[in-house]
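Everything on this sheet refers to the single structure shown next.
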Amino acid sequence: MTGSFSVKLKSKKGQFIVKDLNQNTTLGELKTRIAQATAIQELQLHVLVGYPPKPLDLSENRENQNLKTVGINSGETLIVEEKAGAAGPTSTPLASGSGSSTMEDDEALARRLQAEEDAEHLRQVSSGGSIETGALNIVQSLEPVISPEESGPNGNFNGILLKKVVPADNSCLFTSIRFVLNGKVDNEGSEMMRHIIAQEVSADTQQYNDAVLGKSNSDYCAWIQKADSWGGAIEVSILSNYYGIEIDVVDIQNAIINRFGEDKNFGLRVFLLFDGIHYDPLYMETQQNSVPATIFPVEEMGVYQQAEQIANEAKSSRQFTNVDKFTLRCMDCDVMLVGQGQAQEHAKKTGHENFEEI
């Protein structure tokens with residue numbers, strides 16, 4: 001079977017859909033289609049695929065390879081750029097405003113200390129150090145499972161993976177990550193995490209370019225630091241790398257687990273549940289520990305299998321929001337919009353970024 005499929009192109013000139021492809025389509029044919037869609041000459045194409053985005057080898061000796069061999073599948077998003085003849089961009093420091101006040105300095109210091117505190121928790125866990133009660137907890141070597149079905153056939157955990165409900169605000173991603181890192185449900189870590197992300201993005205304008213971010217690097221850095229800006233894949237990836245821990249996002253709409261940091265071979269992982277618009281952290285209650293466990297060794301597959309089961313059951317019972325069909329109201333001009341696509345297009349045309357689900 002070689003059924004037809006489509007891929008999505010993202011470029012500075014807009015987004016395009018390339019249809020009627022199949023696994024036997026050659027890379028050379030795809031290059032021609034991309035060039036036609038984006039009006040970029042084939043020799044000037046620079047294409048990135050996957051996340052984090054990695055360059056796709058478009059050399060002539062690969063042009064006869066088919067898409068199956070190359071690893072391009074249905075629904076893939078390709079970031080298309082035009083090769084630049086000028087020198088690569090340099091890092092642009094974040095704008096700090098004129099005359100930083102003592103209060104701003106104190107806030108920056110508080111953010112840094114908070115980040116160091118979370119990172120120190122992870123270092124203690126990684127080295128087998130003790131963690132105070134009330135802080136984050138990791139299950140390292142529990143006794144054999146009394147009820148194997150509770151953690152999966154390959155697990156060593158006597159516990160059940162559960163969802164911790166966090167406030168449904170624009171910072172639910174950061175609140176969830178804060179909880180799995182140190183066991184606290186609060187907004188204190190959100191501003192700090194947004195600042196970390198802005199710093200990382202600002203420091204690498206080549207990787208985090210207009211095509212990847214959907215806006216200029218400087219605009220993104222200002223946007224992500226606003227309290228009403230949502231986080232997603234880019235932000236999860238950056239925080240995974242910053243904290244040195246794999247963050248597994250359990251996508252219940254598609255019944256899959258997206259493993260951020262998998263390629264870094266981190267030894268520990270945490271789980272977040274994503275329903276299409278909202279994130280909640282997952283934790284495990286065990287008989288051995290009064291403090292819920294939120295961080296797990298990557299090699300312990302029992303917990304991972306529980307997360308897969310949660311995804312499958314939630315999808316079956318439709319416990320997710322279809323972002324292509326939900327209704328939003330622009331809080332700036334009261335216009336009604338259907339789906340994420342209309343909201344993004346409205347934001348691009350008007351600059352409005354405050355939306356409320358109806």
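Using N, Cα and C of the backbone, Cβ positions are placed for all residues, glycine too.
DSSP assigns I277 (substrate binding site) to coil, not to a helix or a strand. The Cβ of I277 (substrate binding site) has 17 neighbouring Cβ atoms from other residues within 10 Å, across all protein chains displayed. What Swiss-Prot lists as substrate binding site is I277, and the listing cites similarity to another entry.
The compositional bias 'Polar residues' annotation in Swiss-Prot covers 89-102.
Residues or ranges marked as domain 'Ubiquitin-like' in Swiss-Prot: 5-87. Per-class residue totals from DSSP over the domain 'Ubiquitin-like' (5-87), listed helix then strand then coil: 22 helix, 30 strand, 31 coil.
Swiss-Prot lists 161-285 with the feature domain 'OTU'.
When the region 'Variable-loop' (224-234) is classified with DSSP, helix, strand and coil residues number 3 helix, 0 strand, 8 coil. Annotation source Swiss-Prot lists region 'Variable-loop' at 224-234.
Under the heading region 'His-loop', Swiss-Prot lists 274-278.
The annotation region 'S2 site' is assigned in Swiss-Prot to 301-306. The average pLDDT for the region 'S2 site' (301-306) in the predicted structure is 90.
Annotated zinc finger per Swiss-Prot: 328-352, in sequence order.
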